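See structure below.
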Amino acid sequence: MMEGLDDGPDFLSEEDRGLKAINVDLQSDAALQVDISDALSERDKVKFTVHTKSSLPNFKQNEFSVVRQHEEFIWLHDSFVENEDYAGYIIPPAPPRPDFDASREKLQKLGEGEGSMTKEEFTKMKQELEAEYLAIFKKTVAMHEVFLCRVAAHPILRRDLNFHVFLEYNQDLSVRGKNKKEKLEDFFKNMVKSADGVIVSGVKDVDDFFEHERTFLLEYHNRVKDASAKSDRMTRSHKSAADDYNRIGSSLYALGTQDSTDICKFFLKVSELFDKTRKIEARVSADEDLKLSDLLKYYLRESQAAKDLLYRRSRSLVDYENANKALDKARAKNKDVLQAETSQQLCCQKFEKISESAKQELIDFKTRRVAAFRKNLVELAELELKHAKGNLQLLQNCLAVLNGDT
């Protein structure tokens, strides 16, 4: 038998591929620690057990857990977005909706085609699809945990009453998903926001820092979007290669078991090479997905949240400029001057408040994303080297065995 890499546990069930796989370099704070300690999938729903440890006086207990569903996470996110007090902050992006349809469909098709496979082929494919389902499930849990950790780490958002209710209230929050009418309303709101964004984007910013950030984030968001799509194609290519190795290895194994001749022994040894190479290629795909693709997807959403912050500030700037014009007109006509002055002062205060917090938010965003990308890219490079050395070792061992038999 060939001496290759230690097969060990499957790459999707390794401990370090769990809930902490998606890294955004969060700053932890012992005063408030939130994690998802457990999760249960029930048909189309996932129930998350949110575990909290806190020494803050706002909570009745120091440690407690509640069960939450995806819709309740969305409710919490939307409550931040809709709160005018948080207009000057980057709202952590909402976690994506759990989607296991593709994995379930693959498992169903596998069951339907069981009769056309050998028992070994069916068992191997079933294990791989179940591992794929588990990986998606873990990733879903991780995305929801990252959202809560980002909120818990934020000095302002962590004080929010709705966040405390989400963490501590041990009953159902009675939150439902949006119906068709509400989704249509959201669609029109986004249309209006897009049109308004075009108007707002044409306004020259009075602060060079924000003008630079607006230009940079627009380019950055587009580049991350493009990189995310290409990263997905790359991981799919590695996964396809692993699937091809599996099919080639299975065919060679079938040929090798037909007889006990030297050529059949050769087929069996090469079949083993393809099987072990398949595992490495699958690990490469999984590592690239976790360390790069997921990170790009997260920062694609967070860069959009940063763009939304700049939109709110620009909108406030336009309102402030319009209030100044209205005040000038009121003074010229000597009519409703007090009302115009009050409106102008409120717009000025709002704009200055948003600008003050937004500047620090954007600086923190840069620090956070640079640290996250540096950490993940270094780890990915180390894993790629490890897998490349593993592949080389497998090929050398295989050649040594085959040459020794000839």
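The backbone N, Cα and C atoms fix where each Cβ goes, and this holds for glycine too.
Per Swiss-Prot, domain 'PX' is recorded for 26-173, and the stated evidence type is sequence analysis. The domain 'BAR' annotation in Swiss-Prot covers 203-406 and rests on a curator's inference. Residues annotated as N-acetylmethionine in Swiss-Prot, with a large-scale study or a structure entry given as evidence: Met1, Met2. Look at Swiss-Prot and you will find Ser116, Ser194 tagged as phosphoserine, backed by a large-scale study or a structure entry. Per Swiss-Prot, region 'Interaction with PIM1' is recorded for 2-179. Per Swiss-Prot, the feature region 'Membrane-binding amphipathic helix' maps to 182-199.
Of all the Cβ atoms in the protein chains shown, 8 others lie within 10 Å of the Cβ of Ser116 (phosphoserine). On the 0 to 100 pLDDT scale, the domain 'BAR' (203-406) averages 92 in this prediction. DSSP states for the domain 'PX' (26-173), grouped as helix (H, G, I), strand (E, B) and coil, give 77 helix, 28 strand, 43 coil.
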